[in-house]
Structures are given as C-alpha cells and as structure tokens.
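Features reported for this protein in TrEMBL:
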DOMAIN    87-528  domain 'Major facilitator superfamily (MFS) profile'
TRANSMEM  139-159  transmembrane segment
TRANSMEM  166-186  transmembrane segment
TRANSMEM  192-212  transmembrane segment
TRANSMEM  224-246  transmembrane segment
TRANSMEM  252-271  transmembrane segment
TRANSMEM  346-364  transmembrane segment
TRANSMEM  376-396  transmembrane segment
Amino acid sequence: MKFEDLLLEIGGFGRFQILILFILCLPRINLPMHFLLHNFLAATPSHHCAIPHQQAFVNLTMAEILLISIPREPDGTFRSCEMFSQPQFHLLLNSSLQPENNSIIQHCQHGWVYDHSQFTSTISTQWDLVCEQRGLNQATATFFFVGVTMGAVVFGYLSDRFGRKAMLLLSLGCSVVFGMLSAASISYSMLAITRTLTGVALSGVSLIVLPLGMEWVDVQHRTLSGILVSIFWSIGNMLLAMVAYLVREWHWLLVAVTGPCLLSIVCLWWVPESARWLIANGKVKQAHRHLIRCARMNGRKDFAISPELFLSFHFSQALRRMATDKRSGESYSYISLFRTPVLRKISLCSGAVWFGVAFSYYGMSLNLTGFGLNMYFSQFVFGIIEIPAKMIMYVLVNRVGRRQSQAWTLILTGICIGANVIIPKPFASVRSVVAVMGKGFSEAAFTTIFLYTSELYPTVLRQNGMGYTSFVARLGGALAPLMFLLDEVWISLPEATYCGVAVCCGSVAFLLPETLNVRLPEGIEDVE
C-alpha cells in the first residue's frame, strides 16, 4: 500500500491538514517582507551635491543657490552627482544658458543633500550610497540573495537529514537574530554581513514550508493546498507596502518586518513532523503517532492500529526500501540528483526554469519606480495582482497540466517585459498596465514552479531537489538587481536582458515530464 492510500484512510484533506497549512502560512507571509524589502530599505530619494558656504549667499533664495551651483540635465532637472567648481552667477541673468566648458564641472566634493519628504532615512542616505557608490546600494540586495542561495544548499540537505520541522524552527530563530542585528547595524559592512546571514536563515523557511504542507495532503488536494499557501506570499507583498508606508526609518522598518517571525515560532509547535520523512528515515513509531492524531482530528476514529501492524500492512515497498537504505548507511545527496538519466534531465531543466522565473520576477519586483506609479501603490498593486494570477493557475494546472502552464506563463512574462522596452515613456498608463500583466504572469510562473518541482522529485530527494533548484533560483535573484547597473550602457538593456532570459528559460520547461494526477514518487526507482 502506498502512503497516498494511507492518507485516504486517515483523511487526506481534513481539519488536521487545514490547521497545518494555516499555521505554515504565517511564516510564508513574512518571506516577501524581507525578500522585497530592498525596494524601501535601499530607496534613493532625489538628491544633489551639498553646497559649501551657503551663508555667503544670504541675498539669494535656495532655488537661486542651486541654479548657480548645480548643473542641469537637458530636461531642466538638477544633476544628482555633479556641481560647479565655482558659482556661476551669470545664470541668474539667463538661467537657460548652460556652461559649455565641462572643466568647471566636478563630482560632489562635500557630500549630498537628500529630499526627506518621502523617507526619514534609508541606507542610501545613511551611508551616501549614490553616484559612484550606487553599485554598493544595489549590491545590498545581491548580498541578501547570495545568503538565500547558500541557505538553499544548507537547509535542503539538513531538512532531509534532520527533519522538516526542526530545521524550520532553526531557520526562523536565526532569522529573528540576524534580522534584529541588521536593524542595529552601525556600518555598511555590518549591514551587508547581517543581511547575508538573514538570507541564509530565511532560505530555510522558503524551502521547507511548502513541502512540509504538501507531504500531509493527498493527491486530489495537492494543487489547491499549494495555491492557498502561496496566496499568503501575495498578502505579505501587500502588507510590506503598508508597513513601509507607515515606517519610513530603515532601522525600525527592519524591526517591523522581522518581529512576526517570533509569532511563527510559537505557532509551529503545533505542526507535526512530516510522516513521509519519518517513515523514510525508519522512525515508524513517531509517524504512527502523528497519523493516529491526524485520523482522530479528521473524524476517522475507526483508524486504530498498532505500530507493528502499521509497519506490516501500511508500509509500502518503496518506503520500506528507503528506511532500509537509511539504516544500512546509504544516504542521498545533491549528487544523487544527477546520477540517473531521468533525474539528471529533470534537474538540469528545472534548474534553468527556476533561474528564469526568479531572475524575471525579481527584475520586475525590484523596479517599482520604473513604470510611472507611486512606489507604495506599485508594491500593493504588484501584490494584489498575484492573487487572481494564482486562482487562474489553480484552474490551468489541472486543465492544461503543469508543463504547459509553466512554460507559457514564463514566456508571456518575458513578452510583457520586452513590450515595455518598445512602448514610449510618455505612454505611462499603457506601460503600467503591461507591467502589471507581466507581474501577474511572473507570479503565475513562480506559483507553478513551486508546485511542479515538489512533484518532480521523489520523497528521498525532494528536499535536496528543492534545495538545488532554490539555489539556482537565488542565483537569478542575486543577479537581478545588478542588471539595473547596465542602464549606463543602454537605458533599456536591463529590461531586454530580463525579457531574453524569461523567454529562453520558459522554452526549456517543455522538456520536463507532466505530473498532473500522478502520485508523488517515493524512491528514485519511481522516477526512473
């Protein structure tokens, strides 16, 4: 008898599973509040060079002081990174004249003055991460995602070795510690290190929550459960916009988005370890205890069986083989993902798709000011559009299948990003609509890939598989913010890059096997 048949006996989607999924949604809400925090943590307000000896211009207004001290762009705005070496008083007579001699223009010598109307402080204003230091500002997001990348490898292995629940609690605890240390940073170096470590910790949450929930749910409700859990990512997206709107100081913003992890730690004590994992690791008595608890909560009180009979009658051949392998010392690692032909193909193709999904998703999500909307409103709209996208995917993945859904949502994401390269900037409303559509397709692709990947890998390698694909995805997330620096080469080069990667990686999804209405594989033999 397969584990899926056992789930049907005790109730594959009853009160027990609903309670577990609801509790697991709490840490899920907290993830986007950190993953997309860079939009507000490192926001760069309008700024100009600090002007020395302003007291010497007592008879001039601030506008006139700026006019004689700061060169202007062709559109009339003052430059952010340059100033005149000497005051240009003749501009007071004719402000339309601009000096043709560039030798009198120099980089800012005395720091910068920032517009604090929108932000009390950000890391950009705290450590002057503008102009020549702009790369360090974007690198803050990259450091975080590098941490997430490392965490994907670490927690993917540890959760298969020591259990889903224990590692989820560990990752949440570390998230609180490093999140609070980030808020207390007194230097850019300290912030970079603590944000990297926060990324490592939160990677465990991102990696474990969905598989832990899925391993308690039967085949018929697997898709619904995955969609419901992922909706709470979108809720976190919208909450981030509200929290960032209310908290404009970066230290307290970090505290505000880290605090909810404590609530998740408390609630997780009611979540049991995965019975699949316990059986696969030979811990049959613990699995039996959790399954009895599940049956009773789901109203299946007639399910009463001793651990010995449970082992004899309900321990499938695949799971027996896994437990035997564990006891005999055989272990699975990331190398196991590439040892056999079918798993090798799955791993290579799913890795490429994950990279494209994350690269394009974060490319859009970290560009809130690029579509002509208020950044808080953009964050909220980008979050709310994800909910109908997930609902549509719930229908599509069960009608047209996982493979077609995954491929086309990612390809359409790339097409929307590419369309905004062509649409002129004056058509701001059209660009905004296309951007929101692209964000919807991007989230649909992300929703599908989480569900799809958890179905592609067998139980003995599921967390290793999720760890590997998450590692590749976080590489995409780490590279995405750095692409914005390419606008110095060509203003539309970042968007063109996101477009090309999304379309190419979406096409690779056609090479993956379909998993619609297929039982979760238990061992490598089931996949091969």
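Along the chain as shown, the residues are counted starting at 1.
Cβ from N, Cα, C; glycine included.
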(request) Sort out the residues at least 6 away from either end of the transmembrane segment (252-271), same chain, that have Cβ-Cβ distances under 8 Å to it, and list them. (result) 19-20, 23-24, 26-27, 29-30, 33-34, 37, 40-41, 165, 168-169, 172-173, 175-176, 179-180, 182-183, 212, 240, 243-244
(message) I'd like to know the mean pLDDT over the domain 'Major facilitator superfamily (MFS) profile' (87-528).
(response) 86
(message) I need to check the long-range neighbours of the transmembrane segment (166-186): which residues 6 or more away from its ends have a CB within less than 8 Å of a CB in the stretch?
(response) 27, 30, 34, 151, 155, 158-159, 194-195, 197-198, 200-205, 208-209, 212, 251-252, 254-255, 257-258, 261-262, 264-265, 268, 273
(message) Which residues of the chain, 6 or more past the ends of the transmembrane segment (224-246), have a CB below 8 A from one of its CBs?
(response) 13, 17, 21, 24-26, 28-33, 36-37, 39-40, 209-210, 213-214, 217, 253, 256-257, 376-377, 379-380, 382-384, 386-387, 390-391, 393-394, 443, 446-447, 450-451, 454
